[in-house]
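For reference, TrEMBL has these:
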{"type": "ACT_SITE", "residues": "Thr414", "note": "active site, nucleophile"}
{"type": "BINDING", "residues": "Arg147, Ser432, Ile433, Asn434, Asp455, Ser483, Ser484, Gly508", "note": "L-glutamate binding site"}
{"type": "TRANSMEM", "residues": "47-67", "note": "transmembrane segment"}
Amino acid sequence: MVGGTALEEMNTSAEDTVSLIRHDGEQSEPISSGYNLHRKRNRGREVRMIIVACLVFGIAVTAALIVDIYTGHHHTGHAAVVSDVKECADVGLDLIKKGGSATDAAIGAMLCVGVMNPESSGLGGGGFMLTVVPKKDKEEAEVIDFREVAPQAATKDMFKGNGSLARWGGLSVAVPGEIKGFELAHKKSGKLKWSEVFEPAIKLAKEGFKVTAHTGRVLRNLPKESLSTKLKEMILDPQGKPLKEGDIMRNPALAETLQNIADHGADVLYRGPIAEKIVAAVTSANGILTSKDLSDYKPLSKAVINSTYLGYQVITTPLPSGGPVLVSLLNILEGFNFTNKDQGKSRSYHYIIEAIKFAFAQRSLLEDGNVTKIVNQMLSKEHAKSLREKISPNKTFNESYYGPMFGQAESHGTAHVSVIGPDGELVSVTSSINEYFGSGIMTENGIILNNEMADFSIPGVTKVGWDGPPKANFIVPGRRPLSSCVPTVVLHKEKRCWFRMSLGASGGMYITPSVAEVLVSYLAFNEPLKSSIERPRVFFNINTGTPEIEADKFENKKVASSIQKDLRNMGHDISQRPALTDVNGLSFFKENVSAHADSRRGGEGSAQF
């Protein structure tokens, strides 16, 4: 169950009155239950008739509720949007108030984030969208994969061992997919006009907006020499200094591009003048992206991954996302039977670190001929049990004990939005340009291009933790690189209209374990959503082969120091890590919606009614 404080914060106390619920979900004035049945003898028959009528009505209502619960009517009467930016959560909620779907809200909010947090996501990137739409007797769940793909001229050895070429400049740019993915999602479950969803983002880009705290922090530490002239014009003041939090930033060229897409559809970014300017920007930075690469791009509609954790249905995204790793991690942790007594204990952190090692090691086994076999293994409860039995409660082991593991880019240029609509529709979408400001290239159209080519396994560049990178992640023309993004939805297996949850994260290789730890905290430790997201997390850095802990998130240094000491005694070479990876999530339980944006990126990006 979703237990303890997580439910106690939502419960209401019983009153000595009976309240009727109107058809619109609002509560009527209380009706006194203190009828005096003996006030007048000659009214006894009328009272008995009223009682019988009430009993019949009550039975009918109860029956209707049972049917409602078990046959799939999921109207919540509430809605919520969570994003990295408060203004963008408000944009999403406003679209719902105008009659839009959760999909409309997710697209509008993510377009807004692409404008206001340009370091994280935008038209030049890609990602994954998970939608769960309630129907009469089931949930329709679907994934739209709009991950970037390698250009046709890309080769396995194209970077020639030069890691900087995979991070900055034209060669680092993969074919973007965000707006194609959004268009496909809108065609499937949008309610508002396509152009209406774009209006808030267009206005912000054209008229300007205040630089967010997160963008301000990023700009302070950004290497300016790696940025294109066009990008510098947007993020630097007339004196050549980075804009600060609260300064006004504008992107009128992007506003014009967004207006074109709103008027004519996503295809204008992939064919014609806008596409030509994208290719020109990449070519001038020594890249290989072509007009045909853009015109050939297609988003993919995929089946979801279905699993369970503690009796709840977990729905997430398939490869190339981190979904299989998330399921493997949860399957391993499930057997430890955590309760609220285990929260914050050193041994719990130890188990999580060990499970992360095994989960990531399985991904390194992926090869072109065995992908299905390895993924099925990662999703297997029995295989998870065999891995869990290898975990000691008191010590860790050397690297080879867990299997091969490969490093990946520690990217932070990612954004996540979660939405629940009044009809119970859930959307979880993560979009990224990989590292902050992606490739550092901004086109004449105002589009910041990704550097997702760095997410491939690159000979001589990929940081190999143990035995080598998965061959299924080498560069191949048209291939989508592996990703740690895991948009996720959780449902009650039987009473789906009672409990629904949507969450996801940003932060590169730290995304998947962060989402898993929030789910463990919420569903196993029985913590409220906010504290589940805010509690300190542990990681295993697959680039360095060392575990890490968010020491600054503990309530005091003494507790953090004690846990680190315990972990070192178990053999962990633990190091401290700043709290950077953020999780955004929301949950609906009975009549209550909880929504929280992680304070690691500001913590104010939620809106609900």
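These residue numbers are counts, starting from 1, taken along the chain as shown.
Each Cβ is built from the backbone N, Cα and C atoms, and glycine gets one as well.
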Tell me the Cα distance separating Thr414 (active site, nucleophile) from Asn434 (L-glutamate binding site), rounded to the nearest angstrom.
6
Should Ser483 (L-glutamate binding site) be counted as helix, strand, or coil on the basis of DSSP?
coil
Do me a favour and check the Cα-Cα span between Arg147 (L-glutamate binding site) and the residue listed as 'active site, nucleophile'; whole Å is fine.
12
Hey, does DSSP put Arg147 (L-glutamate binding site) in a helix, a strand, or just coil?
coil
Taking every pair from Arg147, Ser432, Ile433, Asn434, Asp455, Ser483, Ser484, Gly508 (the record's L-glutamate binders), the biggest C-alpha distance in Å rounds to 14
